[in-house]
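J.: Reproduced below are the annotations present in Swiss-Prot:
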type     : residues      : note
SIGNAL   : 1-14          : signal peptide
TOPO_DOM : 15-529        : topological domain 'Extracellular'
CARBOHYD : Asn24         : N-linked glycosylation site
CARBOHYD : Asn25         : N-linked glycosylation site
CARBOHYD : Asn37         : N-linked glycosylation site
DISULFID : Cys56-Cys288  : disulfide bond
DISULFID : Cys69-Cys81   : disulfide bond
DISULFID : Cys104-Cys149 : disulfide bond
CARBOHYD : Asn179        : N-linked glycosylation site
DISULFID : Cys292-Cys316 : disulfide bond
CARBOHYD : Asn300        : N-linked glycosylation site
DISULFID : Cys488-Cys492 : disulfide bond
CARBOHYD : Asn498        : N-linked glycosylation site
TRANSMEM : 530-550       : transmembrane segment
TOPO_DOM : 551-555       : topological domain 'Cytoplasmic'
LIPID    : Cys555        : S-palmitoyl cysteine
Amino acid sequence: KIVLLLAIVSLVKSDQICIGYHANNSTEQVDTIMEKNVTVTHAQDILEKTHNGKLCDLDGVKPLILRDCSVAGWLLGNPMCDEFINVPEWSYIVEKANPANDLCYPGDFNDYEELKHLLSRINHFEKIQIIPKSSWSNHEASSGVSSACPYNGKSSFFRNVVWLIKKDSAYPTIKRSYNNTNQEDLLILWGIHHPNDAAEQTKLYQNPTTYISVGTSTLNQRLVPKIATRSKVNGQSGRMEFFWTILKPNDAINFESNGNFIAPEYAYKIVKKGDSAIMKSELEYGNCNTKCQTPMGAINSSMPFHNIHPLTIGECPKYVKSNRLVLATGLRNTPQRERRRKKRGLFGAIAGFIEGGWQGMVDGWYGYHHSNEQGSGYAADKESTQKAIDGVTNKVNSIINKMNTQFEAVGREFNNLERRIENLNKKMEDGFLDVWTYNAELLVLMENERTLDFHDSNVKNLYDKVRLQLRDNAKELGNGCFEFYHKCDNECMESVKNGTYDYPQYSEEARLNREEISGVKLESMGTYQILSIYSTVASSLALAIMVAGLSLWMC
(Lines of atoms letter the chains of each structure in order from A and count residues from 1; the text may use other names and numbers.)
(Lines give C-alpha, C1' and ligand atoms only; values in the text may rest on other atoms or scores of the structure.)
Protein backbone atom coordinates (compact mmCIF):
# COMPACT_ATOMS: atom_id res chain seq x y z
CA LYS A 1 0.00 0.00 0.00
CA ILE A 2 2.83 2.40 0.84
CA VAL A 3 4.56 1.65 -2.49
CA LEU A 4 1.29 2.27 -4.39
CA LEU A 5 0.70 5.60 -2.61
CA LEU A 6 4.24 6.80 -3.32
CA ALA A 7 3.85 5.92 -6.98
CA ILE A 8 0.59 7.89 -7.24
CA VAL A 9 2.15 10.94 -5.55
CA SER A 10 5.11 10.65 -7.89
CA LEU A 11 2.75 10.68 -10.88
CA VAL A 12 0.90 13.78 -9.68
CA LYS A 13 4.13 15.72 -9.31
CA SER A 14 5.61 14.67 -12.67
CA ASP A 15 7.05 17.43 -14.83
CA GLN A 16 4.96 18.35 -17.86
CA ILE A 17 5.15 20.38 -21.03
CA CYS A 18 2.13 21.26 -23.19
CA ILE A 19 1.75 22.66 -26.69
CA GLY A 20 -1.04 25.14 -27.24
CA TYR A 21 -2.19 28.28 -28.93
CA HIS A 22 -3.16 31.83 -28.09
CA ALA A 23 -6.67 32.85 -27.04
CA ASN A 24 -8.09 36.22 -26.05
CA ASN A 25 -11.34 38.07 -25.36
CA SER A 26 -12.03 38.77 -29.04
CA THR A 27 -15.59 38.40 -30.29
CA GLU A 28 -14.62 38.85 -33.97
CA GLN A 29 -16.37 36.33 -36.19
CA VAL A 30 -15.68 35.14 -39.72
CA ASP A 31 -17.33 32.80 -42.20
CA THR A 32 -15.63 29.91 -43.97
CA ILE A 33 -16.66 27.47 -46.66
CA MET A 34 -17.71 24.98 -43.98
CA GLU A 35 -18.88 27.18 -41.09
CA LYS A 36 -20.52 30.49 -40.30
CA ASN A 37 -19.76 32.87 -37.44
CA VAL A 38 -16.48 31.30 -36.34
CA THR A 39 -14.99 33.31 -33.46
CA VAL A 40 -11.30 34.11 -34.06
CA THR A 41 -8.54 35.82 -32.11
CA HIS A 42 -7.77 38.31 -34.87
CA ALA A 43 -9.60 39.38 -38.03
CA GLN A 44 -9.31 42.11 -40.62
CA ASP A 45 -12.30 43.85 -42.15
CA ILE A 46 -11.67 44.36 -45.88
CA LEU A 47 -14.96 46.07 -46.74
CA GLU A 48 -15.11 49.85 -46.37
CA LYS A 49 -18.58 51.04 -45.38
CA THR A 50 -17.96 54.67 -44.40
CA HIS A 51 -17.47 57.96 -46.22
CA ASN A 52 -17.27 61.61 -45.14
CA GLY A 53 -20.31 62.88 -47.06
CA LYS A 54 -18.27 65.62 -48.78
CA LEU A 55 -16.74 66.52 -52.12
CA CYS A 56 -12.97 66.68 -51.67
CA ASP A 57 -9.82 67.52 -53.58
CA LEU A 58 -8.42 64.48 -55.33
CA ASP A 59 -4.71 64.15 -54.57
CA GLY A 60 -4.54 67.86 -53.85
CA VAL A 61 -6.38 69.01 -57.00
CA LYS A 62 -9.74 70.70 -56.54
CA PRO A 63 -12.85 69.45 -58.33
CA LEU A 64 -14.79 71.68 -60.71
CA ILE A 65 -18.14 71.93 -58.94
CA LEU A 66 -20.60 73.45 -61.41
CA ARG A 67 -23.20 74.18 -58.72
CA ASP A 68 -26.44 75.11 -60.56
CA CYS A 69 -24.80 75.03 -64.01
CA SER A 70 -24.71 72.13 -66.44
CA VAL A 71 -21.73 71.17 -68.56
CA ALA A 72 -23.48 72.71 -71.57
CA GLY A 73 -24.19 75.91 -69.64
CA TRP A 74 -20.53 76.12 -68.62
CA LEU A 75 -19.04 75.43 -72.06
CA LEU A 76 -21.39 77.71 -74.01
CA GLY A 77 -21.24 80.42 -71.37
CA ASN A 78 -24.72 80.70 -69.89
CA PRO A 79 -24.77 84.22 -68.32
CA MET A 80 -25.71 82.64 -65.00
CA CYS A 81 -22.47 80.63 -65.11
CA ASP A 82 -20.03 83.54 -65.30
CA GLU A 83 -18.09 82.24 -62.30
CA PHE A 84 -16.86 79.44 -64.58
CA ILE A 85 -15.65 81.66 -67.46
CA ASN A 86 -12.06 80.74 -66.60
CA VAL A 87 -11.45 77.71 -64.43
CA PRO A 88 -8.19 76.23 -63.13
CA GLU A 89 -7.14 72.60 -63.44
CA TRP A 90 -9.69 70.17 -62.02
CA SER A 91 -9.52 66.61 -60.76
CA TYR A 92 -13.13 65.80 -61.62
CA ILE A 93 -16.30 67.67 -62.58
CA VAL A 94 -19.42 67.72 -60.42
CA GLU A 95 -22.81 68.35 -62.01
CA LYS A 96 -26.18 68.20 -60.28
CA ALA A 97 -28.81 65.79 -61.52
CA ASN A 98 -31.05 68.62 -62.79
CA PRO A 99 -29.03 71.85 -62.93
CA ALA A 100 -31.09 75.03 -63.30
CA ASN A 101 -28.68 76.82 -65.64
CA ASP A 102 -28.47 74.64 -68.73
CA LEU A 103 -29.34 75.82 -72.26
CA CYS A 104 -31.08 79.09 -71.39
CA TYR A 105 -32.30 79.39 -74.98
CA PRO A 106 -34.22 76.13 -75.55
CA GLY A 107 -32.74 73.57 -77.87
CA ASP A 108 -30.35 70.67 -78.06
CA PHE A 109 -26.63 69.95 -77.76
CA ASN A 110 -25.59 67.44 -80.41
CA ASP A 111 -23.53 64.46 -79.23
CA TYR A 112 -23.67 65.89 -75.72
CA GLU A 113 -23.08 62.54 -74.03
CA GLU A 114 -20.04 61.90 -76.21
CA LEU A 115 -18.66 65.30 -75.24
CA LYS A 116 -19.11 64.45 -71.57
CA HIS A 117 -17.25 61.22 -72.14
CA LEU A 118 -14.44 63.23 -73.74
CA LEU A 119 -14.31 65.46 -70.66
CA SER A 120 -13.65 62.40 -68.50
CA ARG A 121 -10.17 62.36 -70.07
CA ILE A 122 -9.42 66.07 -69.63
CA ASN A 123 -8.17 67.95 -66.56
CA HIS A 124 -7.70 71.49 -67.84
CA PHE A 125 -8.98 73.85 -70.54
CA GLU A 126 -7.50 77.16 -71.57
CA LYS A 127 -10.10 79.39 -73.19
CA ILE A 128 -8.81 81.31 -76.21
CA GLN A 129 -10.48 83.70 -78.64
CA ILE A 130 -10.53 82.38 -82.21
CA ILE A 131 -12.97 84.73 -84.02
CA PRO A 132 -13.35 88.11 -82.28
CA LYS A 133 -16.86 89.45 -81.95
CA SER A 134 -15.67 92.76 -83.36
CA SER A 135 -14.61 91.11 -86.63
CA TRP A 136 -18.20 90.71 -87.87
CA SER A 137 -18.40 94.11 -89.58
CA ASN A 138 -21.03 93.05 -92.15
CA HIS A 139 -23.35 91.47 -89.58
CA GLU A 140 -24.95 92.52 -86.35
CA ALA A 141 -23.00 90.76 -83.60
CA SER A 142 -24.46 92.50 -80.55
CA SER A 143 -28.18 92.27 -81.29
CA GLY A 144 -28.34 88.50 -80.98
CA VAL A 145 -29.68 88.37 -77.44
CA SER A 146 -32.75 86.82 -75.81
CA SER A 147 -34.90 87.32 -72.75
CA ALA A 148 -34.46 83.58 -72.19
CA CYS A 149 -30.84 84.29 -71.20
CA PRO A 150 -31.12 87.25 -68.82
CA TYR A 151 -28.24 88.99 -67.08
CA ASN A 152 -28.75 91.80 -64.56
CA GLY A 153 -32.37 92.04 -65.64
CA LYS A 154 -31.58 92.51 -69.34
CA SER A 155 -31.61 90.18 -72.35
CA SER A 156 -28.28 88.49 -72.97
CA PHE A 157 -26.81 85.42 -74.66
CA PHE A 158 -24.22 82.67 -74.27
CA ARG A 159 -20.78 84.24 -73.64
CA ASN A 160 -18.68 81.99 -75.86
CA VAL A 161 -20.67 82.11 -79.13
CA VAL A 162 -22.14 84.95 -81.22
CA TRP A 163 -25.68 85.00 -82.62
CA LEU A 164 -25.28 86.80 -85.95
CA ILE A 165 -28.21 88.89 -87.21
CA LYS A 166 -28.71 90.75 -90.52
CA LYS A 167 -27.30 94.27 -90.78
CA ASP A 168 -28.89 97.03 -92.85
CA SER A 169 -31.45 94.54 -94.24
CA ALA A 170 -28.71 92.29 -95.60
CA TYR A 171 -27.00 89.08 -94.49
CA PRO A 172 -23.95 88.62 -96.74
CA THR A 173 -22.65 85.06 -97.10
CA ILE A 174 -20.07 84.30 -94.44
CA LYS A 175 -16.82 82.58 -95.32
CA ARG A 176 -14.52 82.34 -92.33
CA SER A 177 -11.66 80.00 -91.46
CA TYR A 178 -9.55 79.35 -88.40
CA ASN A 179 -6.23 77.47 -88.48
CA ASN A 180 -5.14 75.74 -85.28
CA THR A 181 -1.52 76.83 -84.89
CA ASN A 182 -1.42 75.61 -81.28
CA GLN A 183 0.30 72.44 -80.20
CA GLU A 184 -2.84 71.31 -78.41
CA ASP A 185 -6.22 70.10 -79.63
CA LEU A 186 -9.04 72.66 -79.68
CA LEU A 187 -12.65 72.14 -78.64
CA ILE A 188 -14.78 74.37 -80.90
CA LEU A 189 -18.54 74.95 -80.54
CA TRP A 190 -21.07 76.52 -82.94
CA GLY A 191 -24.80 76.37 -83.55
CA ILE A 192 -27.84 76.95 -85.74
CA HIS A 193 -31.07 78.78 -84.99
CA HIS A 194 -34.39 77.16 -85.96
CA PRO A 195 -37.01 79.97 -86.21
CA ASN A 196 -40.66 79.61 -85.32
CA ASP A 197 -41.97 80.72 -88.72
CA ALA A 198 -40.95 82.26 -92.06
CA ALA A 199 -41.60 85.78 -90.80
CA GLU A 200 -39.08 85.35 -88.00
CA GLN A 201 -36.63 83.87 -90.52
CA THR A 202 -36.62 86.94 -92.78
CA LYS A 203 -36.86 89.33 -89.84
CA LEU A 204 -33.60 88.02 -88.41
CA TYR A 205 -31.66 86.85 -91.46
CA GLN A 206 -33.32 88.47 -94.50
CA ASN A 207 -32.70 85.37 -96.60
CA PRO A 208 -35.67 82.94 -96.67
CA THR A 209 -33.52 79.93 -97.54
CA THR A 210 -30.27 79.54 -95.63
CA TYR A 211 -27.60 76.99 -94.80
CA ILE A 212 -24.49 76.49 -92.68
CA SER A 213 -21.50 74.49 -93.90
CA VAL A 214 -18.68 73.40 -91.59
CA GLY A 215 -15.61 71.50 -92.70
CA THR A 216 -12.30 70.21 -91.32
CA SER A 217 -9.99 67.42 -92.43
CA THR A 218 -12.36 64.97 -90.71
CA LEU A 219 -15.71 66.84 -90.66
CA ASN A 220 -18.10 67.61 -93.52
CA GLN A 221 -21.33 69.12 -92.22
CA ARG A 222 -24.17 71.02 -93.90
CA LEU A 223 -27.04 72.33 -91.79
CA VAL A 224 -30.36 73.92 -92.77
CA PRO A 225 -32.84 75.53 -90.37
CA LYS A 226 -36.01 73.67 -89.49
CA ILE A 227 -38.81 76.22 -89.44
CA ALA A 228 -41.80 74.98 -87.45
CA THR A 229 -44.44 76.12 -85.01
CA ARG A 230 -43.54 74.94 -81.49
CA SER A 231 -44.76 75.46 -77.98
CA LYS A 232 -42.87 78.04 -75.98
CA VAL A 233 -40.05 77.14 -73.62
CA ASN A 234 -38.51 79.95 -71.56
CA GLY A 235 -40.75 82.25 -73.57
CA GLN A 236 -39.26 81.11 -76.90
CA SER A 237 -40.88 79.23 -79.80
CA GLY A 238 -37.59 79.01 -81.68
CA ARG A 239 -34.90 76.42 -80.95
CA MET A 240 -31.11 76.32 -81.11
CA GLU A 241 -28.97 73.33 -81.87
CA PHE A 242 -25.30 73.29 -80.89
CA PHE A 243 -22.43 71.23 -82.28
CA TRP A 244 -18.80 70.62 -81.39
CA THR A 245 -15.64 69.18 -82.83
CA ILE A 246 -12.01 68.64 -81.85
CA LEU A 247 -9.66 70.53 -84.15
CA LYS A 248 -6.22 68.96 -84.32
CA PRO A 249 -3.00 71.03 -84.50
CA ASN A 250 -2.27 72.39 -88.01
CA ASP A 251 -5.82 71.61 -89.10
CA ALA A 252 -8.29 74.33 -90.14
CA ILE A 253 -12.02 74.71 -89.65
CA ASN A 254 -14.04 76.47 -92.37
CA PHE A 255 -17.45 78.07 -91.90
CA GLU A 256 -19.83 79.18 -94.65
CA SER A 257 -23.35 80.50 -94.04
CA ASN A 258 -25.96 82.91 -95.33
CA GLY A 259 -28.08 82.90 -92.17
CA ASN A 260 -29.10 81.31 -88.86
CA PHE A 261 -25.43 80.93 -87.86
CA ILE A 262 -24.30 80.96 -84.23
CA ALA A 263 -20.58 81.50 -84.63
CA PRO A 264 -17.79 80.54 -82.22
CA GLU A 265 -15.94 83.37 -80.51
CA TYR A 266 -13.98 81.33 -77.98
CA ALA A 267 -12.60 77.81 -78.11
CA TYR A 268 -11.06 75.57 -75.47
CA LYS A 269 -7.45 74.53 -75.75
CA ILE A 270 -7.00 71.11 -74.16
CA VAL A 271 -3.84 71.74 -72.15
CA LYS A 272 -3.93 68.69 -69.90
CA LYS A 273 -5.30 65.23 -70.38
CA GLY A 274 -5.72 62.64 -67.66
CA ASP A 275 -8.20 60.63 -65.67
CA SER A 276 -11.21 62.72 -64.74
CA ALA A 277 -14.95 62.21 -64.52
CA ILE A 278 -18.26 63.99 -64.54
CA MET A 279 -19.92 62.99 -61.30
CA LYS A 280 -23.60 63.55 -60.54
CA SER A 281 -23.88 64.76 -56.96
CA GLU A 282 -25.77 67.26 -54.82
CA LEU A 283 -22.98 67.50 -52.22
CA GLU A 284 -21.07 70.65 -51.34
CA TYR A 285 -17.31 71.14 -51.29
CA GLY A 286 -15.87 70.01 -47.97
CA ASN A 287 -12.38 71.57 -48.04
CA CYS A 288 -10.77 68.15 -47.68
CA ASN A 289 -8.45 65.86 -49.60
CA THR A 290 -8.88 62.25 -50.66
CA LYS A 291 -7.63 59.57 -53.02
CA CYS A 292 -11.10 58.24 -53.78
CA GLN A 293 -14.32 60.14 -54.40
CA THR A 294 -17.87 58.88 -54.81
CA PRO A 295 -21.13 60.81 -55.30
CA MET A 296 -21.96 59.97 -51.67
CA GLY A 297 -18.69 61.31 -50.25
CA ALA A 298 -14.96 60.69 -50.10
CA ILE A 299 -13.41 57.37 -49.06
CA ASN A 300 -10.08 57.32 -47.26
CA SER A 301 -9.33 53.63 -46.93
CA SER A 302 -6.71 51.02 -47.75
CA MET A 303 -9.31 48.26 -47.84
CA PRO A 304 -9.71 46.41 -51.15
CA PHE A 305 -13.52 46.60 -51.25
CA HIS A 306 -16.29 49.09 -50.50
CA ASN A 307 -20.08 49.08 -50.72
CA ILE A 308 -20.74 52.83 -50.76
CA HIS A 309 -21.49 53.62 -54.42
CA PRO A 310 -20.65 51.89 -57.72
CA LEU A 311 -19.42 55.14 -59.33
CA THR A 312 -15.99 56.33 -58.22
CA ILE A 313 -13.02 58.44 -59.29
CA GLY A 314 -9.43 58.03 -58.10
CA GLU A 315 -7.55 55.20 -56.42
CA CYS A 316 -10.56 53.43 -55.00
CA PRO A 317 -11.41 50.08 -53.48
CA LYS A 318 -13.49 47.84 -55.67
CA TYR A 319 -17.25 48.21 -55.29
CA VAL A 320 -19.18 45.09 -54.28
CA LYS A 321 -22.75 44.57 -53.15
CA SER A 322 -21.70 42.71 -50.00
CA ASN A 323 -22.53 43.89 -46.50
CA ARG A 324 -19.71 42.03 -44.77
CA LEU A 325 -16.24 40.83 -45.81
CA VAL A 326 -13.95 39.85 -42.92
CA LEU A 327 -10.67 37.95 -43.30
CA ALA A 328 -9.44 35.70 -40.52
CA THR A 329 -5.84 36.53 -39.60
CA GLY A 330 -5.69 34.79 -36.23
CA LEU A 331 -6.75 31.43 -34.86
CA ARG A 332 -10.04 29.98 -33.74
CA ASN A 333 -10.73 31.69 -30.44
CA THR A 334 -11.70 29.01 -27.93
CA PRO A 335 -10.40 30.13 -24.51
CA GLN A 336 -9.94 27.19 -22.18
CA ARG A 337 -12.07 27.35 -19.06
CA GLU A 338 -10.32 26.86 -15.76
CA ARG A 339 -11.05 23.44 -14.39
CA ARG A 340 -12.12 22.50 -10.89
CA ARG A 341 -9.32 19.96 -10.63
CA LYS A 342 -6.11 21.97 -10.98
CA LYS A 343 -3.54 19.24 -10.57
CA ARG A 344 -2.39 19.74 -14.16
CA GLY A 345 -2.95 23.51 -14.36
CA LEU A 346 -4.18 25.17 -17.56
CA PHE A 347 -3.30 23.04 -20.54
CA GLY A 348 -4.88 23.19 -23.96
CA ALA A 349 -4.61 21.74 -27.43
CA ILE A 350 -5.31 22.08 -31.16
CA ALA A 351 -8.31 21.06 -33.26
CA GLY A 352 -8.87 17.35 -32.85
CA PHE A 353 -7.05 16.86 -29.55
CA ILE A 354 -6.37 20.23 -27.88
CA GLU A 355 -9.28 21.42 -25.78
CA GLY A 356 -8.83 25.20 -25.79
CA GLY A 357 -6.51 28.16 -26.19
CA TRP A 358 -4.42 29.95 -23.59
CA GLN A 359 -5.22 33.51 -22.62
CA GLY A 360 -2.08 33.53 -20.49
CA MET A 361 0.17 33.35 -23.55
CA VAL A 362 0.11 36.88 -24.96
CA ASP A 363 3.38 37.18 -26.88
CA GLY A 364 2.74 34.68 -29.67
CA TRP A 365 0.22 32.59 -31.54
CA TYR A 366 1.67 29.17 -30.64
CA GLY A 367 3.80 28.05 -27.73
CA TYR A 368 4.35 26.04 -24.59
CA HIS A 369 3.24 25.73 -20.99
CA HIS A 370 5.55 23.87 -18.63
CA SER A 371 5.40 22.84 -14.97
CA ASN A 372 8.21 21.44 -12.82
CA GLU A 373 9.66 21.81 -9.32
CA GLN A 374 10.95 25.29 -10.24
CA GLY A 375 7.50 26.53 -11.18
CA SER A 376 5.36 26.90 -14.29
CA GLY A 377 4.81 29.38 -17.10
CA TYR A 378 3.91 30.18 -20.69
CA ALA A 379 6.35 30.79 -23.51
CA ALA A 380 5.54 31.59 -27.13
CA ASP A 381 7.34 29.85 -29.94
CA LYS A 382 8.65 32.99 -31.66
CA GLU A 383 9.91 31.29 -34.82
CA SER A 384 6.66 29.55 -35.80
CA THR A 385 4.61 32.59 -34.75
CA GLN A 386 6.69 34.97 -36.88
CA LYS A 387 6.52 32.68 -39.90
CA ALA A 388 2.75 32.49 -39.50
CA ILE A 389 2.42 36.27 -39.14
CA ASP A 390 4.52 36.79 -42.26
CA GLY A 391 2.47 34.24 -44.16
CA VAL A 392 -0.89 35.72 -43.18
CA THR A 393 0.32 39.29 -43.80
CA ASN A 394 1.61 38.38 -47.25
CA LYS A 395 -1.68 36.67 -48.03
CA VAL A 396 -3.75 39.71 -47.00
CA ASN A 397 -1.50 42.05 -49.00
CA SER A 398 -1.70 39.73 -51.99
CA ILE A 399 -5.49 39.72 -51.85
CA ILE A 400 -5.55 43.53 -51.64
CA ASN A 401 -3.14 43.89 -54.56
CA LYS A 402 -4.99 41.38 -56.72
CA MET A 403 -8.34 43.07 -56.19
CA ASN A 404 -7.10 46.64 -56.68
CA THR A 405 -7.46 46.51 -60.48
CA GLN A 406 -10.79 48.11 -61.19
CA PHE A 407 -12.82 48.44 -64.37
CA GLU A 408 -13.91 51.98 -65.23
CA ALA A 409 -16.49 52.90 -62.62
CA VAL A 410 -17.67 56.26 -63.94
CA GLY A 411 -21.22 56.28 -65.27
CA ARG A 412 -21.92 56.86 -68.95
CA GLU A 413 -24.78 58.96 -70.26
CA PHE A 414 -27.00 58.13 -73.21
CA ASN A 415 -29.43 60.23 -75.17
CA ASN A 416 -33.09 59.39 -75.70
CA LEU A 417 -32.35 57.44 -78.87
CA GLU A 418 -29.95 55.15 -77.03
CA ARG A 419 -32.16 53.92 -74.19
CA ARG A 420 -31.88 50.32 -75.26
CA ILE A 421 -28.10 50.66 -75.27
CA GLU A 422 -28.27 52.30 -71.85
CA ASN A 423 -30.39 49.46 -70.48
CA LEU A 424 -27.97 46.92 -71.94
CA ASN A 425 -25.03 48.83 -70.47
CA LYS A 426 -26.66 48.83 -67.03
CA LYS A 427 -27.31 45.11 -67.25
CA MET A 428 -23.68 44.50 -68.21
CA GLU A 429 -22.39 46.67 -65.36
CA ASP A 430 -24.77 44.98 -62.93
CA GLY A 431 -23.43 41.68 -64.20
CA PHE A 432 -19.86 42.82 -63.56
CA LEU A 433 -20.79 43.90 -60.04
CA ASP A 434 -22.51 40.57 -59.36
CA VAL A 435 -19.40 38.71 -60.54
CA TRP A 436 -17.06 40.87 -58.45
CA THR A 437 -19.29 40.45 -55.41
CA TYR A 438 -19.44 36.67 -55.84
CA ASN A 439 -15.66 36.48 -56.39
CA ALA A 440 -14.96 38.60 -53.32
CA GLU A 441 -17.26 36.61 -51.05
CA LEU A 442 -15.96 33.27 -52.32
CA LEU A 443 -12.36 34.45 -51.96
CA VAL A 444 -12.94 35.42 -48.33
CA LEU A 445 -14.66 32.13 -47.49
CA MET A 446 -11.86 30.08 -49.06
CA GLU A 447 -9.04 32.11 -47.54
CA ASN A 448 -10.61 31.97 -44.09
CA GLU A 449 -10.85 28.19 -44.33
CA ARG A 450 -7.21 28.01 -45.42
CA THR A 451 -6.05 30.38 -42.68
CA LEU A 452 -7.70 28.41 -39.88
CA ASP A 453 -6.36 25.15 -41.31
CA PHE A 454 -2.94 26.81 -41.59
CA HIS A 455 -2.96 27.67 -37.88
CA ASP A 456 -4.12 24.16 -36.95
CA SER A 457 -1.31 22.72 -39.02
CA ASN A 458 1.28 24.96 -37.37
CA VAL A 459 0.25 23.84 -33.87
CA LYS A 460 0.26 20.20 -34.96
CA ASN A 461 3.76 20.67 -36.39
CA LEU A 462 4.92 22.16 -33.10
CA TYR A 463 3.41 19.21 -31.24
CA ASP A 464 5.17 16.73 -33.55
CA LYS A 465 8.45 18.59 -33.09
CA VAL A 466 8.25 17.96 -29.32
CA ARG A 467 6.99 14.40 -29.69
CA LEU A 468 9.86 13.41 -31.98
CA GLN A 469 12.40 14.80 -29.50
CA LEU A 470 10.99 13.20 -26.36
CA ARG A 471 10.12 9.80 -27.84
CA ASP A 472 9.63 7.35 -24.91
CA ASN A 473 11.19 9.71 -22.35
CA ALA A 474 7.69 11.15 -21.85
CA LYS A 475 4.12 10.03 -22.05
CA GLU A 476 1.54 11.62 -24.37
CA LEU A 477 -1.51 12.54 -22.31
CA GLY A 478 -3.77 13.01 -25.33
CA ASN A 479 -4.62 16.65 -24.69
CA GLY A 480 -1.55 18.30 -26.18
CA CYS A 481 0.60 17.60 -23.12
CA PHE A 482 3.59 15.37 -22.37
CA GLU A 483 4.41 13.94 -18.92
CA PHE A 484 8.13 13.36 -18.41
CA TYR A 485 9.43 10.06 -17.05
CA HIS A 486 12.41 12.03 -15.69
CA LYS A 487 13.03 15.28 -13.89
CA CYS A 488 13.07 18.19 -16.34
CA ASP A 489 14.31 21.47 -14.88
CA ASN A 490 14.04 24.85 -16.62
CA GLU A 491 17.18 24.22 -18.66
CA CYS A 492 15.75 20.92 -19.82
CA MET A 493 12.42 22.57 -20.67
CA GLU A 494 14.21 25.24 -22.68
CA SER A 495 16.08 22.60 -24.68
CA VAL A 496 12.75 20.99 -25.63
CA LYS A 497 11.40 24.35 -26.78
CA ASN A 498 14.42 25.27 -28.88
CA GLY A 499 14.86 21.81 -30.37
CA THR A 500 18.14 20.84 -28.62
CA TYR A 501 16.72 18.27 -26.16
CA ASP A 502 19.33 15.55 -25.40
CA TYR A 503 17.39 12.30 -25.49
CA PRO A 504 20.27 9.98 -24.42
CA GLN A 505 21.04 12.15 -21.38
CA TYR A 506 17.65 11.41 -19.83
CA SER A 507 16.82 8.03 -21.36
CA GLU A 508 18.20 5.87 -18.48
CA GLU A 509 16.32 7.80 -15.77
CA ALA A 510 13.21 7.72 -17.89
CA ARG A 511 13.55 3.95 -18.44
CA LEU A 512 13.86 3.23 -14.72
CA ASN A 513 10.89 5.39 -13.80
CA ARG A 514 8.88 3.88 -16.61
CA GLU A 515 9.65 0.33 -15.37
CA GLU A 516 8.87 1.31 -11.75
CA ILE A 517 5.49 2.66 -12.77
CA SER A 518 4.80 -0.49 -14.79
CA GLY A 519 5.75 -2.63 -11.75
CA VAL A 520 3.39 -0.75 -9.49
CA LYS A 521 0.61 -1.34 -11.96
CA LEU A 522 1.33 -5.07 -12.09
CA GLU A 523 1.53 -5.37 -8.27
CA SER A 524 -1.69 -3.47 -7.91
CA MET A 525 -3.34 -5.73 -10.41
CA GLY A 526 -2.19 -8.84 -8.46
CA THR A 527 -3.50 -7.47 -5.16
CA TYR A 528 -6.86 -6.70 -6.67
CA GLN A 529 -7.05 -10.23 -8.12
CA ILE A 530 -6.37 -11.85 -4.66
CA LEU A 531 -8.96 -9.65 -3.01
CA SER A 532 -11.42 -10.54 -5.71
CA ILE A 533 -10.87 -14.31 -5.26
CA TYR A 534 -11.11 -13.98 -1.47
CA SER A 535 -14.33 -12.06 -1.75
CA THR A 536 -15.80 -14.61 -4.15
CA VAL A 537 -14.89 -17.60 -1.93
CA ALA A 538 -16.21 -15.90 1.20
CA SER A 539 -19.45 -15.05 -0.48
CA SER A 540 -19.90 -18.61 -1.76
CA LEU A 541 -19.20 -20.10 1.71
CA ALA A 542 -21.72 -17.82 3.38
CA LEU A 543 -24.32 -18.73 0.80
CA ALA A 544 -23.73 -22.49 1.38
CA ILE A 545 -24.15 -22.13 5.17
CA MET A 546 -27.41 -20.24 4.68
CA VAL A 547 -28.78 -22.92 2.34
CA ALA A 548 -27.82 -25.71 4.79
CA GLY A 549 -29.44 -23.90 7.71
CA LEU A 550 -32.63 -23.40 5.76
CA SER A 551 -32.75 -27.11 4.88
CA LEU A 552 -32.40 -28.20 8.55
CA TRP A 553 -35.13 -25.78 9.64
CA MET A 554 -37.54 -27.09 7.05
CA CYS A 555 -36.88 -30.66 8.21
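Using N, Cα and C of the backbone, Cβ positions are placed for all residues, glycine too.
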J.: With the cut-off set at 10 Å between Cβ atoms, which of these disulfide-bonded residues ends up with the most neighbours? Options: Cys81, Cys292, Cys488, Cys492.
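T.: Of Cys81, Cys292, Cys488, Cys492, the one with the most crowded Cβ is Cys488.
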J.: For Cys292 (disulfide bond), what is the secondary structure state per DSSP, taken as helix, strand or coil?
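T.: Going by the DSSP assignment, Cys292 (disulfide bond) falls within a strand, counted as strand.
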J.: Find the one among the disulfide-bonded residues Cys69, Cys104, Cys149, Cys316 whose C-alpha lies closest to that of Cys488 (disulfide bond).
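T.: Nearest by Cα distance to Cys488 (disulfide bond): Cys316.
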J.: Please report how many Å separate the Cα atom of Cys104 (disulfide bond) from that of Asn300 (N-linked glycosylation site), as a whole number.
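T.: Answer for this pair: 39 Å between alpha carbons.
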J.: Nearest to Cys69 (disulfide bond) by Cα distance: which of the recorded positions Asn25, Cys288, Cys316, Cys492, Asn498 is it?
T.: Cys288
J.: Between the Cα atoms of Cys149 (disulfide bond) and Cys81 (disulfide bond), find the distance and write it as a whole number of Å.
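T.: About 11 Å separate the Cα atoms of these two residues.
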J.: In angstrom units, rounded to an integer, how far apart are the Cα atoms of Cys316 (disulfide bond) and Asn300 (N-linked glycosylation site)?
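T.: Here the two Cα atoms lie 9 Å apart.
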J.: Report, as a single number, how many Cβ atoms besides its own are within 10 Å of the Cβ of Cys69 (disulfide bond).
T.: 22
J.: Tell me which of the recorded positions Asn25, Asn37, Cys56, Asn300 ends up closest to Asn179 (N-linked glycosylation site) in space, Cα to Cα.
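T.: Out of the listed candidates, the nearest Cα belongs to Cys56.
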J.: For Asn24 (N-linked glycosylation site), just give me the three-state DSSP call.
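T.: Once the DSSP labels are grouped into three classes, Asn24 (N-linked glycosylation site) ends up as coil.
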J.: Between Asn25 (N-linked glycosylation site) and Asn37 (N-linked glycosylation site), how far is it from one CA atom to the other, in Å?
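T.: Cα to Cα, Asn25 (N-linked glycosylation site) and Asn37 (N-linked glycosylation site) are separated by 16 Å.
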J.: By a 10 A CB contact count over all chains shown, which of the glycosylation sites listed here is most packed: Asn300, Asn498?
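T.: Result for the most crowded candidate: Asn300.
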